[in-house]
Structures are given as C-alpha cells and as structure tokens.
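Since the structure comes first, as structure tokens, the remarks are kept for the end.
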C-alpha cells in the first residue's frame, strides 16, 4: 500500500507540475511583439503645396466667398504644412468624378511600397505570413483588398484573413487587437497588419462646411506592420504589447452621428463632422482612460488620484463655493512617451490639456500633423516613427498610443520598447528639419486678401492665376 500511495502521490505532483508548465508555456507564447513597421511616403509629385491647394479649391464651382473664408481659417489653424500628400486623381483634376481605378491604384502604390520594404527590412518572405489584417475604412472592393495583397505576394492558402472597413481613424489598434487575440490561442505565428485610407473616391466637392473640412485634414498615407509571438524572434522585436483597451459609444445617438459619411442637399457624398464631435470624443476618451489607467499605472498613483478625487467630491458637496480644480491623473508615472492620433491641432491640444502634457510630449504628434497631415488609422505609426527617428525610444520605455474614430470609438494601448531604436523610417530625409522654427503655413499670406472682399461683388474669373 505504501508503494501505491507513493506512486499516486508522485503522479499527482507530476500532473500538477505539468499543468503549471503548460500554463506558463502558453503565457510565454501569448505575447504580441512588433518585429518592424514601414510607413508610406508618396512620391513628391503628389505633394500639396499652398499654390496647388488654392487651385484645387478654385476648381470647385460650388464654393462662394463665405466658403473660401471658412476654408482659409480652417487651413491656417489646422497645423498642416505644405508637404502633405493627396491622391493622384486630385492632380489630374478628377476630384468631382473619380474612377474606381483611382481608389485601387492609390492602394496599390501604398501596398507595393510599404509591404515590399517591410519584407526586405525583416528578411522574412511572404510565404511565412500566417495572419493578414487589412483595414481601409472607405473603400470596399470585390475581391477584397486583402485578397489583392494575397494575390500579389502569393501568400499561403491557409492564411487567416481579416478585411476591415468602416472602422475609421482608430482601425489600426482594432487590427492589432485581432492579432493579439489570435496570438493568445495559437503559437509561433507571424501576422501582417496593413493600415491606410483611400481618399480617391471620398473627396468632397460640395459646399457643406461640415464636409469640406475633411478635405483640409485628411491626407494620403499608410503603414505595414509585422507582428509575431514566436519566442525565437522576441530578441529581434522592437515593441512588446502590454495591454490594449477599446471603447465604443455607438449606442449613443449623439456619438454615432458626430462623424458619419452621408449625402448633402445636392446628393454629394462627404464625411460629416458634427459640432458634437468634441463632446463625444471627450466622453469616449474619459471612459477609455478609466479602463486602461489601472492596467498601466503604479498603485501609488492610483491611490493618490483616488484620495484626491474623494476629497474634492466631499468638499464640493459640502461647499457650493468650493472651486478648486479637479485632480488629474498623472499618466507619466507609468508612461514615458505619448503617441497621439493626429486628428487635428484641436485634438492634440485637447489631449495635451486633459493629460497635462508638455510641449515635448506633444511634439511628435504636432510634427507628424505638419509633415504628413491626418493619415487616418495609420497616423499613429508616423508619430511613432518620429520618436524613433529622434532617438527617443530606449529599451524599457513605455509608449502610450491613443486614437479616435467614427462610431464613436476611442482605442488605446501600451507598448514596451524591447531594444534601443534609432531607425529614421519615413522621416529619413527630413528629420533634421524638425521641429521647424515655426509651424505657420503661408496660406494667410497668399490668400488673406479674401477676408476683405465683399460677398455681393466678389467673383473669381475663369482665367484667374493663383498667386
């Protein structure tokens, strides 16, 4: 009996250790690493100078003086410079009647540039890709754009494929989340995430102010990202995903309608930006922070904020005259760098004020907005590229990403830098010029005369030459 008891006891201990080992081994394989990423820089013949922007605006016969003044104010205050990029159909003068091929060719240029470079940089052949996630919000094709990539690179027949549309500017973190969930249940995988936006079929040619504003902000861009959970590749990785939180307020009508594609009174399709957008963004931002803060901040900061918030609430209830400022959570206690969505100057300013960030913290987002504009879901990776090109990212640093998108959505995540980074990526030929002495663009200097024009007598002759 003693021998049997010892055997059973030993078997129990062995099974217990085996179960513990399996759990630990599974967790080791659940990590999500970024091996490399490649942002897209279109060719110089697609660059939007001040003069050409004026020509594009003049071509729109639906605009009057009041719309010109509105656009002038919007462009001057946008934070966008003279070196952003537009789709080719704008340079061909086809913004009012783009073709299906315009949208396809715009994506092909991006795919072949960024994905080719990414495979070359990592020395990983396309045949090894296990998962493909493509997010292009405003262009749906048959076959899908993901199928187009599979066909071009001859990817494997058993590849897992996800083709996302309609997810807006926050789509790249949704794509990362899909990959993260796959990595939790499958070992030794490589995933390719492709994130961009197709502007060719979505340029607005009407005169609704809530829609023409989008033409001032959105620009061509994109990024290809290679991720893995292979343990033998983790030492080659750039970043390790620590956590990711998604917040969706689509159930609230006000949030749902604040960013929406629709037709104007003349049946021209455009992207409507509602006056309730700042309020909807703030609500989603606050809820997202509530969810992710406990995951990324030290306990001492959470306790400090909790105590101060309780004191503030009690004093406010007991004294109607109590006007002290609400306590703010200090994300810098758990975050070293802030990678913010370049939705516009107001978005960057708002996040900076709410999180009490310095100009140093906001510099990467401001410079990205100035150089590349709002490239929708891919904008975060241009901001990350700026940090890397400036040699800010050191081993062990934590990078906080936050993005907003139609729906209304707010998604955020935290990355840990696995090794010192210094690749200049898409900033290679211009990083030494940033930050510039001033971010002021020359639109006001060239078109400021519009402010003094009389609407009753104003007109632009057909042969008018842009100064």
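Please read every residue number as a count from 1 along the shown chain.
Just so you know, glycine gets a Cβ as well, placed from its N, Cα and C.
Under the heading transmembrane segment, TrEMBL lists 6-24 (among others).
Residues or ranges marked as domain 'FAE' by TrEMBL: 26-308.
Among the features that TrEMBL reports, transmembrane segment is placed at 161-179 (among others).
Residue density at residue 169 (active site): 28 other Cβ atoms are found within 10 A of its Cβ, drawing on all protein chains shown. What TrEMBL lists as active site is 169 (among others).
If you look up TrEMBL, you'll see 248 (among others) marked as active site. Residue 248 (active site) has a Cβ environment of 19 other Cβ atoms inside 10 Å.
Look at TrEMBL and you will find 335-416 tagged as domain 'Beta-ketoacyl-[acyl-carrier-protein] synthase III C-terminal'.
The feature active site is assigned by TrEMBL to 337 (among others). The C-beta environment of residue 337 (active site), restricted to residues of the same chain at least 6 apart in sequence and closer than 8 Å, consists of 361, 364, 387, 392, 393, 397, 398, 399, 400.
Under the heading active site, TrEMBL lists 341 (among others).
When other Cβ atoms within 10 Å of the Cβ of residue 370 (active site) are tallied across all protein chains shown, the result is 22. Per TrEMBL, active site is recorded for 370 (among others).
Less than 8 angstroms from the CB of residue 374 (active site) sit 169, 217, 218, 219, 342, 343, 344, each of them six or more residues away in the same chain. The feature active site is assigned by TrEMBL to 374 (among others).
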Per-state residue totals over the domain 'Beta-ketoacyl-[acyl-carrier-protein] synthase III C-terminal' (335-416) - DSSP helix, strand, coil: 39 helix, 21 strand, 22 coil
Segment-level pLDDT (mean, integer) for the domain 'FAE' (26-308): 92
Cα-Cα distance linking residue 341 (active site) and residue 370 (active site), given in Å to the nearest integer: 13
Separation of alpha carbons, residue 248 (active site) and residue 341 (active site) (Å): 17
